[in-house]
Amino acid sequence: MKLGWIEVAALAAASVVSAKDDLAYSPPFYPSPWADGQGEWAEVYKRAVDIVSQMTLTEKVNLTTGTGWQLERCVGQTGSVPRLNIPSLCLQDSPLGIRFSDYNSAFPAGVNVAATWDKTLAYLRGQAMGEEFSDKGIDVQLGPAAGPLGAHPDGGRNWEGFSPDPALTGVLFAETIKGIQDAGVIATAKHYIMNEQEHFRQQPEAAGYGFNVSDSLSSNVDDKTMHELYLWPFADAVRAGVGAVMCSYNQINNSYGCENSETLNKLLKAELGFQGFVMSDWTAHHSGVGAALAGLDMSMPGDVTFDSGTSFWGANLTVGVLNGTIPQWRVDDMAVRIMAAYYKVGRDTKYTPPNFSSWTRDEYGFAHNHVSEGAYERVNEFVDVQRDHADLIRRIGAQSTVLLKNKGALPLSRKEKLVALLGEDAGSNSWGANGCDDRGCDNGTLAMAWGSGTANFPYLVTPEQAIQNEVLQGRGNVFAVTDSWALDKIAAAARQASVSLVFVNSDSGEGYLSVDGNEGDRNNITLWKNGDNVVKTAANNCNNTVVIIHSVGPVLIDEWYDHPNVTGILWAGLPGQESGNSIADVLYGRVNPGAKSPFTWGKTRESYGSPLVKDANNGNGAPQSDFTQGVFIDYRHFDKFNETPIYEFGYGLSYTTFELSDLHVQPLNASRYTPTSGMTEAAKNFGEIGDASEYVYPEGLERIHEFIYPWINSTDLKASSDDSNYGWEDSKYIPEGATDGSAQPRLPASGGAGGNPGLYEDLFRVSVKVKNTGNVAGDEVPQLYVSLGGPNEPKVVLRKFERIHLAPSQEAVWTTTLTRRDLANWDVSAQDWTVTPYPKTIYVGNSSRKLPLQASLPKAQ
């Protein structure tokens, strides 16, 4: 059949992906599975089919394609279907609040949510964000993130996600999604998948940094590691009913993430049973037909490059369907998936047009900002959507603060005669809290890292402000030195202080911004802004020095953590707008710290393994990142190589003490696991496709410059394609089976949301007594780890946890269950999960290396 030039581009990446035999290869999987409305999607699927059946081809295409960068109010907007009262969908960053807006909250980052180990707080944060997005007229929140997972401790965007542990991430990822969608907004699980570093994630971005590479980095991963580590939290997201998944910039095994048929068609749609829609990351769309057949459902922001006025889809998708290159059922499936997600969250009952503009804070402006066209209208209504969310933000900030060391220094009493506040991180950014675009600097206290995963602060309470308020209420004295290079002034203040509170940080972010020479990823994992010298100077002059770390992840503290005058260390992460109040609540004992570290604190960067790829290592070809570490990242790596961390994964102190006892295991009457078999139904067409004359630009339409439309210029499809190569035969670019709409075999590991339903069947019930043995109320997090027993398996892997609040001397019984999935490994040969015959042992404790309770499990099927 025939297609336009734009569709041909990069088609080879959809099937045969490696020009060199020695490079990783992503096997093809076709056709793209069509939604079937399984499980809780049944009702909304029927509604979606009904409405899509009434649409014309161009109306369907309009749903799939963004209108172009900066051409509507949101960072991404689809076309609309006015005839059927379907509005343009507004898609907006970020995972921690509304980007490019005003009168919105700036929530703690995902890494802080991970540190709470609190499912309820994850849900409440998601719900609060969803409420704000909805109130601003946003239909799709571009978050939360579980990619990157955190294979590299210095990866630039780890903080947007949760933890390098897939189970901890998966649970909190799912709870966040539920919260967002219960508020009536479609959540987006991103960045799918293996988007583990910023260097080379986009070829044009790499070129801007002086690298001569032809393609984006390829994350090369084996099947077992993919399933047991990186895909794990996305299975939880699908099981939670997520409406959208965003495919990533990078390649996976040398096939781009947004046209990788293995990851989109096979893993996400066929195996995990994802019923929602896949959108591209912004300009991560590299081909027309190739991406469509490989499982992409929505192109964002619609144009090939920002403001190019050209699109892989839009009119080109219309041409592809009309000339038979793309089967009708594929574009119908795209539209059904989008509408099903829209109905699933009840967006049709909560819809309101966007009441803000991403591109200006002025009240009035052009409807189409970038080209200064359309009506000159009110584009910002300044709607305050914050509600009472500041209280929740403050609570999460405090409950995510990890107490790493306490030699009697904390909590403070307000009776300290003189408090010294030391370090730039205690103070404010002299340019203002939002003084750097997308937070692309490290000035003052760090409460949010940089990139598109940010939001504007409505205000930012600094540690200096909050702690000074505490001290003055106690009629004490406070000196602040917030110049981290003024070591003589820091020493002088520390010598006089009853307690020195030292604030230090380490920042990172997205690769399009470079901060102090850090191109998204961190150059190292040391403290920024002379932090180590600030700590040592204070500790050498004050015998009661407490260090507070605001960071995106682990930092090296080996130089000073065991200094005798360092009496306390706290990690406060990226706590958002209430930063100062949150840390003051912990320092002064209003909140008893109960957080646990969501990552390992190593003595050196080398102790983590998993180095970033920072140099072009494949000539001018795509840089290759080989994930040869397999499942051994973070604490799993430390355990395997007998590396002793400073503070282990799951570690965190309290102002009280706890005791765990009485571990009991009860086998449950579970059925035998049955691999899924049989066939799907055949693909269906919804509605009729007319001839080309029905899809030509309407007469009298006043076109907006660079706007992406679904209509074609002419009934002559070759002319509409503007392609000298129009007329290629299918065999040259269409992968085998890619257009086959007949019934397809079901995968053994498929069958329900998140995979085979048998994976989620409970095999054992486990109970443990938890007692507060101290004198103050506090929170403990019992953690259950499993040894899977095999010779090449991690020593232990986290599977269950719960944050429990207990009064002094109070005792509670924590009960949980272990599913088949919790005990299974991925069998590469069978392409299914299996509980191996190796002995299984469970361990319960309060960190990955403090596991006093253990029990062997009976053999399970």
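From the backbone N, Cα and C atoms, a Cβ is placed for every residue, glycine too.
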Region 'Disordered' range according to Swiss-Prot, out of 55-79, 130-154, 730-754: 730-754
From the candidates ASN642, ASN846, the one which Swiss-Prot records as N-linked glycosylation site: ASN846
Nearest of the recorded positions (ASP281, ASN316, ASN846) to ASN323 (N-linked glycosylation site) - Cα to Cα: ASN316
Inter-residue Cα distance where the pair is ASN316 (N-linked glycosylation site) and ASN713 (N-linked glycosylation site), in Å: 11
Distant-in-sequence neighbours of the region 'Disordered' (730-754), which means Cβ under 8 A and at least six residues beyond its ends: 1, 3, 8, 11-12, 14-15, 28, 30-34, 38-40, 235-236, 238-239, 241, 261, 266, 270-273, 275, 289-290, 293, 325-327, 329-330, 675-683, 760, 830-833
ASN355 (N-linked glycosylation site) as reference: those glycosylation sites from ASN62, ASN253, ASN565 with C-alpha within 10 Å of it: none
Largest tally of Cβ atoms lying within 10 Å of a Cβ, found at which of the glycosylation sites ASN323, ASN443, ASN713, ASN846: ASN846
Listed glycosylation sites (ASN62, ASN212, ASN253, ASN316), ranked by Cβ neighbours within 10 Å, top entry: ASN316
ASN316 (N-linked glycosylation site) versus glycosylation sites ASN62, ASN212, ASN524 - nearest by Cα: ASN62
Close recorded positions near ASN543 (N-linked glycosylation site), where close means Cα within 10 Å, chosen from ASN62, ASP281, ASN524, ASN565, ASN846: ASN565
